[in-house]
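Written out below as C-alpha cells is the structure these notes cover.
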Amino acid sequence: MSDFWIHLLVYLVILFGFVIVSVLIFIWLERRLIGRFQLRPGPNRAGPFGLLQPIADAIKVLIKEDIIPSEADKGVFWLAPLVAFVPVMLMFAAIPFADGVMLVDLNIGILYILAVSSVTVIGIFMAGWSSNNKYSLLGAMRTIAQEVSYEIPLVLSILGVVMLTGSLSMNEIVKAQDVPFILLQPLGFFVYLSAAMAEVNRTPFDLLEAESEIIAGFHTEYSGMKFGLFYLMEYAEVLAVSAIATTLFLGGWQGPLLHPVFWFIAKILLVFMFIIWVRATLPRLRIDQVMAFGWKFLLPLSLANLVITAFEILIAPDINTAVLIGINIAVMFGLVLLFSRFYKLGGGRVSIK
C-alpha cells in the first residue's frame, strides 16, 4: 500500500473520531446549557458534571431492539439512515482545520460541500415515506419544503464571500481573510446562519420533529442503531454548519499565539453555543411563518447583500477598512429593521403591512 493511501486512511479515521467525539461533547454541552437557561442542573449523574451521560445514552441506543414496522418498505427503511448520514461525513473532506490540514483541497470546495449536503434530504424523505406512517411522511414533506426554501438564501449568502475572494477553495477563502469576513459581510453572516439553522432543523425551525404536532417527525418509527444514526446525523450537521461558518466568516484557523487547530475548534464552539442560545430563547415557528421568513425576509436580504458586496469590490480600494466595516454593520442593522417593519410574523397568517 502506497504512502498516499496510508495517509488517507489515517486521516479518515482521525476525522471520523473527531466528528464522533465532537457530537458527544455537543450533546453534553447543549443539555447542560439548556439546563442552566431553564434554571435546572441538567445531566449530572453519569460521571463528573454528567460528562459520561452522552456515552451512557449511546450505549443505551446501541443495545435497544431494532424494530421495523410490518407495513414499512423494509429495504428503503433500512437504507434511509445511511443515505442521510454518509453525505454529512463527506462534507468534512473539504473543510480545513488548519492551513492544508484537510482530506482534499478542492478548488471547488464550497460548491462540493453545497452539493453533498443536499443529498441528506433524500435520506430523510426515504425514511418518512418508507415508514408508512402519516406523521413520518408529514415530517419528511416539511423537510423538503424547508430545504428548498432556505437553500437559495444560503447559497446567495456564501456567494458574497466568493465574490470577495475570487475562489471556491475553502483553504484560499481562509487565507484571504486579513479581516474576518463577518465584519465585511455581517449581513451575509446573518443570512447564512439563519438559513443554515433552518437547513439543519434547529429551533426555531425544527418543524420536521415538532413533538407537539407530529410526534418525532420522519424518524417516529425508528429505534436502536438506525435511530442513533439519525441522531448522530443531526448533530454532525450542526458541527458541519458551525465549521463552515468559521471557515467563511470567522477567519477559520487564524488567530494569535495558540495552535491553529485550537482556534478553529474554539470558533466552532462559539457558533454552536450561539445556536444553543437561540434554541433556549425563541419559540418554534409555524410552518407558514417559516416559509415566509425564508422567501420574504432572507431571500431579499441575501440579494441585497450581493449588491452591497459588488459596491464594496468597486469602491473598497478608496475607503479605509474601519470605515467600511462600520458602514457594513450599519447597513445590516438598517436593512434588517426595514424588512422587519414590512413583514410581521405575529398572530394569524403572515401578511404584508
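Positions of Cβ are set from backbone N, Cα and C atoms, glycine also.
Annotation source Swiss-Prot lists transmembrane segment at 8-28 (among others), citing sequence analysis.
Beyond the transmembrane segment (75-95), the same-chain residues lying 6 or more positions past its ends with a Cβ under 8 Å from any Cβ of the stretch are 15-16, 19, 68-69, 102-106, 109-110, 112-113, 116-120, 122-124, 126-127, 129-131, 170, 221-222, 226, 229-230, 232-233, 236-237, 240, 243-244, 247. If you look up Swiss-Prot, you'll see 75-95 (among others) marked as transmembrane segment, on the strength of sequence analysis.
Marked as transmembrane segment by Swiss-Prot: 108-128 (among others).
Residues annotated as transmembrane segment in Swiss-Prot, with sequence analysis given as evidence: 148-168 (among others).
Sequence annotations record features per position, and here Swiss-Prot assigns transmembrane segment to 179-199 (among others) based on sequence analysis.
Long-range neighbours of the transmembrane segment (229-249) within the same chain, counting only residues 6 or more positions beyond its ends whose Cβ lies under 8 Å from a Cβ of the stretch, are 19-20, 22-23, 26-27, 61, 81-82, 84-85, 88-89, 91-92, 95-96, 110, 113, 117, 120, 127, 158, 161, 170, 173-174, 180-182, 185, 188-189, 192-193, 196-197, 199-202, 218-219, 222, 264, 267-269, 271-272, 275. Annotation comment: Swiss-Prot describes 229-249 (among others) as transmembrane segment, evidence class sequence analysis.
Annotation comment: Swiss-Prot describes 258-278 (among others) as transmembrane segment, evidence class sequence analysis.
The annotation transmembrane segment is assigned in Swiss-Prot to 297-317 (among others).
According to Swiss-Prot, the transmembrane segment annotation covers 319-339 (among others), on the basis of sequence analysis.
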Region pair the transmembrane segment (179-199) / the transmembrane segment (8-28), three or more CB pairs under 8 Å: no
Recorded stretch, among 148-168, 258-278, 297-317, 319-339, maximising Cβ pairs under 8 Å relative to the transmembrane segment (108-128): 148-168
Contact call for the transmembrane segment (148-168) against the transmembrane segment (319-339), three or more Cβ pairs under 8 Å: no
Long-range neighbours of the transmembrane segment (319-339), counting only residues six or more past its ends (CB under 8 A): 179, 183-187, 190, 297, 300-301, 304, 308, 312
